[in-house]
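*Asks:* Mind having a look at this structure? Questions to follow.
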Amino acid sequence: MSKKFVEEFKVVENIALNSSNFLIKLLSKKALPQIAPGQFVNVEVKNSKEIFLRRPFSVFEVDYTQNTMSLIVKILGRGSKKLTEAEDGDTINIVYPLGKSFSYPEKEDKVLLIGGGSGVAPMLFLAKESGLVKENVDILLGARSKEDHIDVSDYAKYGNLHYTTEDGSLGEKGFVTHHSIFEQINNYNKIYACGPDAMMKAVAKIAKKEGVFCEVSLENLMACGFGVCLCCIEPTQKGNLCICTEGPVFNIKELKW
Amino acid sequence: MSKKFVEEFKVVENIALNSSNFLIKLLSKKALPQIAPGQFVNVEVKNSKEIFLRRPFSVFEVDYTQNTMSLIVKILGRGSKKLTEAEDGDTINIVYPLGKSFSYPEKEDKVLLIGGGSGVAPMLFLAKESGLVKENVDILLGARSKEDHIDVSDYAKYGNLHYTTEDGSLGEKGFVTHHSIFEQINNYNKIYACGPDAMMKAVAKIAKKEGVFCEVSLENLMACGFGVCLCCIEPTQKGNLCICTEGPVFNIKELKW
Amino acid sequence: MVNLKVKIDDLDLKNPVMTASGTSGFAEELTDFYDVGQLGGLLLKGTTLKNRDGNAYPRMAETASGMLNAVGLQNKGIDYFIENIYPRIKDYNTPLIVNVNGSTVEEYIAVTEKVNELDKIPAIELNISCPNVKEGGMSFGISCPSAEAVTREVRRVYDKTLIVKLSPNVTDITEIAKAVEGQGADSVSLVNTFLGMAIDSEKRIPLLSTVTGGLSGPAIKPIALRMVWQVYNAVKIPVIGMGGIMNAADAIEFMLAGATAVQVGTAIFKDPFIPVQIIKGIEEYLERHKILSVSELVGCLQM
Amino acid sequence: MVNLKVKIDDLDLKNPVMTASGTSGFAEELTDFYDVGQLGGLLLKGTTLKNRDGNAYPRMAETASGMLNAVGLQNKGIDYFIENIYPRIKDYNTPLIVNVNGSTVEEYIAVTEKVNELDKIPAIELNISCPNVKEGGMSFGISCPSAEAVTREVRRVYDKTLIVKLSPNVTDITEIAKAVEGQGADSVSLVNTFLGMAIDSEKRIPLLSTVTGGLSGPAIKPIALRMVWQVYNAVKIPVIGMGGIMNAADAIEFMLAGATAVQVGTAIFKDPFIPVQIIKGIEEYLERHKILSVSELVGCLQM
Ligand SMILES: Cc1cc2nc3c(=O)[nH]c(=O)nc-3n(C[C@H](O)[C@H](O)[C@H](O)COP(=O)(O)OP(=O)(O)OC[C@H]3O[C@@H](n4cnc5c(N)ncnc54)[C@H](O)[C@@H]3O)c2cc1C
Ligand SMILES: Cc1cc2nc3c(=O)[nH]c(=O)nc-3n(C[C@H](O)[C@H](O)[C@H](O)COP(=O)(O)OP(=O)(O)OC[C@H]3O[C@@H](n4cnc5c(N)ncnc54)[C@H](O)[C@@H]3O)c2cc1C
Ligand SMILES: Cc1cc2nc3c(=O)[nH]c(=O)nc-3n(C[C@H](O)[C@H](O)[C@H](O)COP(=O)(O)O)c2cc1C
Ligand SMILES: Cc1cc2nc3c(=O)[nH]c(=O)nc-3n(C[C@H](O)[C@H](O)[C@H](O)COP(=O)(O)O)c2cc1C
Ligand code: FES
Ligand code: FES
């Protein structure tokens, strides 16, 4: 176990990345602890009559010199909507850092990072932190259509960007697992993925069949986020495990998929 | 019964009158119905996790040409606090107009208007609307100390202003009923009062003893504000009456005080 | 066009949304806002044989997502209703249902017999679940024998639609539901309020004059929903569901759990238009989901 | 300095604020945030004789001012606890109380006997009120004979402080409280969760894998408070109150209603610091009101 905090962060930036995704940058009053890709925070939704529990969001970026941390919040329901209405100077109460991160790749690994929906943030964080040469990193992002993709061109320096859209308006048409990259999936030593349940399962299925190392990040519903409620469980080879403490990142070998 | 509405008003002004009283001016999209002094509105407190029911506030001013209505909100607890944080352009959902107004004085009446705490608003509204010459109107306002009084000098044109404070920092020292005006209370044909329960009872006691016509406005807790819940009752000569429909203004003869 | 009609025994409702007893007065106040003819039905304020002053002030306390009330059946008695109120409201274009109360079986019978004479009252709701009166009320609704007795005796004198309103303050609500079904109830409505309490920690006093009162509002919805589902699976008569319904989604949840119709209570205090907004919302839901008739929703929760 | 100490039977608590079972794991997770030695006591996660996987996902649904859970007593069994967890936590500077569960009286006895051997466990809480398991659990706590039987048998094998945790899903909680008091319970704690249900109206499915689950949080506070007050007036043993406590004012309300100590549950999910903030808030309240000892609050509601 490691030290965790409950802190009021100050909103220093809230930018609409597209119609449904917002980049929220948060300033801490004190030095931030180490936070790794795949870890998440649990966010209080203030001033909302309907929302009782916190909402979990992956960390997207950390700047230890500025003491800032950023999240990408996609509007799904009432809580995420409310969060995207935050204004500069507002405070947001956060429990952090939570969960286990992705395992870092080895120096010579060739990796595929797959992100979809609200799963883009940790993948970009991992791309940045992977320490690999650009040539060895493929980043594959999936969405419904062009407008649902956010602009990630900054990340071209960390890896080769690939896209799928369900309507074919950007990149290849179809789901991420339909992308031509999957024709040579054995080129990769490691696959990392974060996104909707169905996407994770599709990726895991192929990785399993091809015997490629694969870590996925899950998004089960949470009440506490730090291991005391046992609500967020996933059946694994070791029994029901809480994804908030034993995950959200799992090697697919551990899962029952 | 008369037509009532539920409407989203737009906040066009929110001014701090002192540290705990705010003047909130609200714009209606449509022509306002007639609203008389003593009538009130029931205000939804948005974006507050703790608040479930509406909060009643007396109407302070109506401008039928501008379609605006103003309230004076005094911070008492969580709901009133939240309302005073409203910003220009915010919308506030209001059920109105509610309750019965004060009876208007006759042309030659000499009247005393007594306001305390959150009861100042309807008294000033009545002063303005009374139709009397200034000489026949005395306005007596009570508060704990000078800082708790709001600046009502504008109303000097409608009546003579008198003050009491508990610490003597403005006007006469003591409660309103200690004011020297009460030494010649029989000079008045009519007393109108709005304020805390204890103040209303003290005023009513004297008026009753001296046989002076007196109307008081009550502030019982309300759930609905329009007569369906029967929560806001006051025991009267006619049995338990809802102050939201049969009041909030009562002639003290009707009450059991 | 989707079909919103539902049937409770012989009672045809143009839509499944009614207002709950004690939260819509005798309907007149609502007419200040809109035409109550839009509603599926209207449950009138609880009525007793004689005048009742109700409990002392304060009668209300706000709670988290809900409120406590201790009104205690304030009403002027059935005769006053018949003479003064009924003539004014009888032609509202929606079924008016009298909520019948008593402290003895005889009182329930006496009120029912008088209501039976009123042409424009097609049904009664027998309230055996009021937690805010000392005698009668809830005490009838928390044990099978007393619930059976009052239902049986009232059934004897009443031929129109008899709805019995159940208390949630019981270990097993299905037992009570089955008991009143066995005595001829045409429908059960649930839930009435939960017995609760609120305290002012600063003054160290109860917030209600009666110490305890009835809890209503969204706070109770999960429990009410569970009870409707249990009762739906236990009886054959139609179930009328309520407890914290604030919007169309809530109403639909109750219907999926087994309610043929719903009642909206405390929500009216927040906004008197909520019942009509719910009717509209249900209509939109049915269109969006391509469901032709609202009655197809009843009990069709997928397990 | 005000005195925050309270006593539950032989158990001395440095303050009246404990964490509720199932909402603070085996205490270790809380130590990531603060020193749990500050707490009045710590109720450990419900433990059974054998490993239990608990119920399937989803186990949680958010509701108005509350939540439903259907965890179903997931735990690795008492032996695993004794061998692996107990050694790690036994020296936390606060009383650790095991929440004992079973599907038969024999299982309750077996778990209790094993706990009895643990020096650093000064008390058990007999959970006869879990609504999330098929056999045992709540079924013991909703009828007097079964509540009596399990209390009596456990009492026979256990000399330390025996707390019995009551279910609120009953018609009259005072009867059950009196029944377990009669069989030697040293204290009663209440309330466990209310049986509730939640539905996804769009998908027309229950939100919990088990359909029904247990409701907790501020939504239930008014009912829990009423039950604590009723039980306080019905028994002589100390009452431990809980249900929706979110802040010091809530905790004080429970004590005014008759609780000698309180447990904080769901609030921990909102903020793990709430229990320690409550301790501080109670201290400030006592100072502000010039009350020397927190125990003076117990049951001193002015009527
Ligand atoms: C570890 C973790 C990391 C996450 N990282 C991010 C991130 O970086 N960016 C981001 O935008 N989102 C992320 N999410 C998802 C985010 O938590 C949810 O979108 C958010 O909680 C939805 O809250 P809401 O109030 O907007 O939706 P609600 O109004 O509560 O729900 C709307 C609908 O969505 C469903 N829903 C809500 N939460 C989930 C969920 N977790 N899984 C499946 N269905 C759900 C509800 O059942 C409901 O049908 C993450 C989730 C987890 C568990
Ligand atoms: C007809 C009417 C007209 C009113 N006009 C005005 C007005 O013009 N300006 C104004 O500032 N206020 C007015 N009030 C009072 C106003 O409604 C309350 O101050 C407000 O509802 C308090 O809400 P809150 O959420 O801030 O307080 P809460 O947080 O709900 O309560 C704080 C404390 O105040 C007590 N309290 C709350 N409301 C009342 C009440 N009505 N009477 C006595 N104690 C109460 C509570 O019990 C609690 O102890 C009026 C009330 C009524 C009934
Ligand atoms: C102020 C108030 C008064 C009520 N009076 C009655 C009544 O007279 N008769 C009755 O059967 N139910 C009465 N009820 C209960 C409601 O009809 C309804 O059963 C309960 O409030 C739950 O529904 P809700 O959460 O939608 O309000 C009353 C409820 C409230 C809040
Ligand atoms: C997720 C969860 C798990 C729980 N597990 C247990 C348990 O194992 N044993 C038990 O006695 N009570 C359990 N409870 C009930 C709580 O201890 C407490 O009685 C209830 O939640 C009411 O208090 P609260 O509103 O403060 O949460 C659980 C509650 C929750 C929310
Ligand atoms: S969310 Fe509570 S244990 Fe994971
Ligand atoms: S507040 Fe509901 S009747 Fe007056």
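Quick reminder: no glycine exception, Cβ is built from N, Cα and C everywhere.
Caution: TrEMBL annotation is automatic and unverified by curators.
The domain 'Dihydroorotate dehydrogenase catalytic' annotation in TrEMBL covers D:4-286. Per TrEMBL, the feature FMN binding site maps to D:Ser21, D:Lys45, D:Gly46, D:Asn99, D:Asn127, D:Lys165, D:Val191, D:Gly217, D:Gly243, D:Gly244, D:Gly265, D:Thr266. Summarising the annotation, TrEMBL assigns substrate binding site to D:Lys45, D:Asn69, D:Ala70, D:Val71, D:Gly72, D:Leu73, D:Asn127, D:Asn192, D:Thr193. For D:Cys130, the entry in TrEMBL reads active site, nucleophile.
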*Asks:* Whole-number Å distance between the CA of D:Gly72 (substrate binding site) and the CA of D:Cys130 (active site, nucleophile)?
*Replies:* 8
*Asks:* Looking at the domain 'Dihydroorotate dehydrogenase catalytic' (D:4-286) alone, can you tell me the average pLDDT?
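*Replies:* The predicted confidence over the domain 'Dihydroorotate dehydrogenase catalytic' (D:4-286), as a mean pLDDT, is 96.
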*Asks:* Report the binding-site residues (D:Ser21, D:Gly46, D:Gly72) that meet this criterion: Cβ distance to the nearest atom of ligand 4 under 6 Å. Use sequence order and write none if nothing qualifies.
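*Replies:* So the answer is D:Ser21, D:Gly46.
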*Asks:* Between D:Gly265 (FMN binding site) and D:Thr193 (substrate binding site), how many Å separate their Cα atoms?
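*Replies:* Cα to Cα, D:Gly265 (FMN binding site) and D:Thr193 (substrate binding site) are separated by 10 Å.
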*Asks:* According to DSSP, does D:Asn127 (FMN binding site) sit in a helix, a strand, or coil?
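*Replies:* Its secondary structure by DSSP: strand.
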*Asks:* Can you name every residue in this chain, apart from D:Lys45, D:Asn69, D:Ala70, D:Val71, D:Gly72, D:Leu73, D:Asn127, D:Asn192, D:Thr193, with its Cβ inside 8 Å of the center of the Cβ atoms of the recorded substrate site?
*Replies:* D:Gly22, D:Gly46, D:Cys130, D:Pro131, D:Asn132, D:Val133, D:Gly214
*Asks:* Have a look around D:Gly265 (FMN binding site) and count the other CB atoms within 10 A of its CB, chains all included.
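*Replies:* Summing over all protein chains shown, D:Gly265 (FMN binding site) has 25 other Cβ atoms within 10 Å.
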*Asks:* If you count, for each of the binding-site residues D:Ser21, D:Asn127, the other Cβ atoms lying within 10 Å of its Cβ, which residue has the minimum?
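*Replies:* So among D:Ser21, D:Asn127, the binding-site residues given, the one with the fewest Cβ atoms within 10 Å is D:Ser21.
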*Asks:* Between D:Val191 (FMN binding site) and D:Lys45 (substrate binding site), how many Å separate their Cα atoms?
*Replies:* 16
*Asks:* In the structure shown, with every protein chain counted, which of the binding-site residues D:Gly46, D:Gly72, D:Gly243 has the densest set of Cβ atoms within 10 angstroms of its Cβ?
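*Replies:* Result for the most crowded candidate: D:Gly243.
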*Asks:* Taking the Cα of D:Gly46 (FMN binding site) as the centre, which of the recorded positions listed as D:Ala70, D:Cys130, D:Thr193 lie within 10 Å of it?
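*Replies:* Cα filter at 10 Å returns D:Cys130.
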*Asks:* Looking at the recorded positions D:Ser21, D:Asn127, D:Cys130, which has the shortest Cα distance to D:Thr193 (substrate binding site)?
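*Replies:* Minimum Cα distance from D:Thr193 (substrate binding site) across D:Ser21, D:Asn127, D:Cys130 lands on D:Cys130.
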*Asks:* Taking the Cα of D:Lys45 (substrate binding site) as the centre, which of the recorded positions listed as D:Asn127, D:Cys130, D:Gly243 lie within 10 Å of it?
*Replies:* none
*Asks:* Using a 10 Å cut-off, grab the number of neighbouring Cβ atoms around the Cβ of D:Cys130 (active site, nucleophile), all chains included.
*Replies:* 26
*Asks:* Could you state the CA-to-CA distance between D:Ala70 (substrate binding site) and D:Cys130 (active site, nucleophile) to the nearest Å?
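*Replies:* With distance taken Cα to Cα, D:Cys130 (active site, nucleophile) is 10 Å from D:Ala70 (substrate binding site).
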*Asks:* From the Cα of D:Cys130 (active site, nucleophile) across to the Cα of D:Gly243 (FMN binding site), what is the distance in angstrom?
*Replies:* 14
